[in-house]
Each structure stands twice: as C-alpha cells, then as structure tokens.
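Data block below; observations after.
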C-alpha cells in the first residue's frame with residue numbers, strides 16, 4: 001500500500017510501499033479517505049530535537065484522518081463494514097488507575113498513532129475498535145478528517161464555563177483559531193486571540209474572533225480598553241507555548257481567572273508565580289481529548305451550527321503530499337487536507 005513514512009533520521013517524509021497492516025481480534029481495518037497534516041507531523045518532518053528523542057525510524061506517520069471500515073476482528077461489536085470513522089489517536093493501556101477510573105485521556109502508558117506506532121498516512125490503518133468514532137452522516141469527510149485537532153480545541157475551550165465571559169487565546173494556530181470559534185458559539189462575550197502571523201490572524205477573524213491582535217503592532221491592553229474591559233480576562237487559553245505570550249496572559253487575567261494550557265513550551269519556562277498566587281488563578285494542563293466525551297461534543301457542536309470549515313485552506317492529492325507539507329511549513333495555511341481516494 002502507499003504510505004508516508006519517516007524513513008530516515010533527517011529532514012523529510014517519504015512515500016513508500018508499505019505492507020498492509022495486520023488486524024487483531026479487537027481491531028478495525030480502515031480504508032483511509034482523507035488525512036490532515038498536524039503540527040506534530042511538521043515536527044517529525046523537520047526532525048527537531050523532540051522528534052529525535054521520540055520517533056522510531058522507519059515509521060508510517062500521521063494521526064488525523066477519516067476513512068471507511070472494510071473489515072473487523074471477530075471480537076468487535078458496535079461497528080459495521082461501511083461505517084465512516086475517525087479515531088482517537090491515543091491508544092491507552094486499559095489497566096492503569098486512570099484508565100480503570102474512566103479518565104483514559106490521562107493514561108500514563110499512552111501510545112500515539114503516527115508517533116509511537118504506525119499511523120494514518122497510508123491507504124489502510126488498523127486501530128482498536130475502542131478508539132474509533134462513527135461519523136454522523138451530516139458531517140463531511142473534510143471536517144471529520146480534522147476531528148483530532150478540533151478535539152484539542154474543544155477540550156481546551158470547554159474546560160471552563162464560557163457563557164458571558166471574556167476569553168483570551170494566545171496563539172492563532174489552527175487549534176487556537178478553532179477554539180475561538182467554539183468560544184463564540186457557546187456564548188463567550190469577547191474572544192480576543194493574539195499572534196504575530198497576519199495570515200492566521202485573518203483566519204481567526206473569519207472564524208468569529210472579536211479581535212485578532214498582532215502583538216508586534218498593537219498592545220493587548222489597548223484592545224481591552226477599546227472593548228470596554230476594565231477588569232481583565234475571565235478565561236485564558238494558552239495555545240502557543242511561547243513564554244512572552246503566557247506572561248502577557250498572566251498580566252491581563254482578572255482575579256479568579258482560569259487558564260487552560262495546551263501549547264507546549266520549547267524548554268523550561270520561568271513565570272512570576274506571585275501573579276498566579278495573588279490573583280488566585282487556576283491553571284489546567286490539557287493533553288489530547290477526553291475519551292470520548294470530547295468526540296460527542298465535537299459532533300454536536302457542528303450539528304448545532306458551528307462552522308469550522310474556513311480553517312481548511314488547502315487540499316492536495318496524496319501524490320502531491322510534498323506541496324501539502326510545504327504549505328504547512330510556510331505558516332501561510334490553515335489545515336491542509338491530503339486526499340487518498
């Protein structure tokens with residue numbers, strides 16, 4: 001089968017002829033229709049320090065996808081051949097305390113599809129049936145293929161009550177932009193998103209942000225004054241991993257504010273903890289999606305009218321995958337879809 005593999009420990013991704021994956025008794029065999037390129041895939045492509053420590057070589061990469069069930073193990077229940085599915089990319093152990101307590105997104109033994117084991121950038125994928133999520137008929141393949149990162153946005157945004165609240169999002173990558181759309185959809189008052197990438201900030205405007213702020217050109221405090229905000233942000237969503245962005249968030253949070261953190265800093269990050277203490281801030285780390293509550297919320301948000309389609313800016317046939325990676329690496333894109341049909 002065709003597959004995109006991290007074939008060598010150097011920059012790049014390569015098209016290979018890989019063996020079709022073998023299916024176990026509790027697995028689904030999925031024929032891939034569409035995949036999306038994630039920021040993680042760009043880290044793997046670039047072969048940065050994290051990738052060198054984490055990624056086995058060679059390995060088929062990719063974890064954002066939609067496909068069709070074409071076969072299943074003899075123990076599988078609840079799925080049929082022909083079902084359209086996406087899937088949770090974190091394969092959990094099932095026996096640690098968090099798994100047994102129903103907090104599977106906090107499994108200490110998680111194995112990542114396309115990170116620790118062969119992934120979805122291939123004509124076929126095998127995953128445990130437990131990890132698959134049926135896609136409702138009224139949700140398109142394009143949207144289903146980005147459910148993984150959309151789930152990061154939903155999990156982060158819905159960590160705290162948003163109705164009537166003022167929200168600051170630092171980092172206008174695709175996940176931050178989708179989080180802005182979620183916040184507005186569920187009833188936040190002002191949703192302000194910051195970055196220095198004008199292309200991404202314009203996308204954020206299209207997706208419903210109250211204000212998309214280029215912090216290289218204007219001050220966050222000035223924007224707050226413009227919006228009539230006198231007490232600071234109630235909720236912060238840190239999506240960038242950039243220390244200066246987080247420092248700005250701490251400075252502009254209201255007392256008693258709540259911060260959900262998804263962005264991963266490149267190294268240790270010093271902060272002024274006195275601001276956290278004296279403002280009584282609550283910090284929550286976010287990893288992945290809640291299994292599977294986030295997935296049901298994603299489908300329901302779209303079915304209730306949330307439109308995240310503007311975040312998809314590029315489509316390429318799989319044979320043109322290099323153009324897709326080039327678009328993502330340029331920073332002048334939203335989500336990039338690779339078509340396998």
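Even glycines carry a Cβ here, placed using N, Cα and C.
Following the DSSP three-state reduction, the secondary structure of residue 64 (Zn(2+) 1 binding site) is strand. The Cβ of residue 64 (Zn(2+) 1 binding site) has 30 other Cβ atoms within 10 Å, all protein chains considered. Sequence annotations record features per position, and here Swiss-Prot assigns Zn(2+) 1 binding site to 38, 63, 64.
Counting only same-chain residues at least 6 apart in sequence, those with a Cβ under 8 Å from the Cβ of residue 40 (active site, charge relay system) are 63, 114, 115. The annotation active site, charge relay system is assigned in Swiss-Prot to 40 (among others) on the grounds of sequence analysis.
The number of other Cβ atoms within 10 Å of the Cβ belonging to residue 43 (active site, charge relay system), over all protein chains shown, comes to 17. Under the DSSP three-state reduction, residue 43 (active site, charge relay system) is assigned to helix. The active site, charge relay system annotation in Swiss-Prot covers 43 (among others) and rests on sequence analysis.
Its own atom aside, the Cβ of residue 93 (Zn(2+) 2 binding site) has 14 Cβ atoms within 10 angstroms in the protein chains shown. Under the DSSP three-state reduction, residue 93 (Zn(2+) 2 binding site) is assigned to coil, being neither helix nor strand. The feature Zn(2+) 2 binding site is assigned by Swiss-Prot to 93, 96, 99, 107.
Long-range Cβ contacts of residue 286 (NAD(+) binding site) within its own chain (separation 6+, distance under 8 Å): 152, 155, 156, 159, 260, 261, 262. According to Swiss-Prot, the NAD(+) binding site annotation covers 175, 195, 200, 262, 263, 264, 286, 287, on the basis of sequence analysis.
Mapped onto three states, the DSSP output places residue 99 (Zn(2+) 2 binding site) in helix. For residue 43 (active site, charge relay system) paired with residue 287 (NAD(+) binding site), the C-alpha to C-alpha distance reads 17 Å. Each of the binding-site residues 38, 264 was scored by the number of other CB atoms within 10 A of its CB, and the lowest score belongs to 264. For residue 107 (Zn(2+) 2 binding site), the same-chain residues lying six or more positions away in sequence with a CB closer than 8 A to its CB are 90, 92, 93, 96, 98, 99. Cβ proximity to the Zn(2+) 1 site centre (mean Cβ of 38, 63, 64, cutoff 8 Å) flags the following additional same-chain residues: 35, 36, 37, 40, 41, 62, 65, 89, 114, 119, 120, 148, 149.
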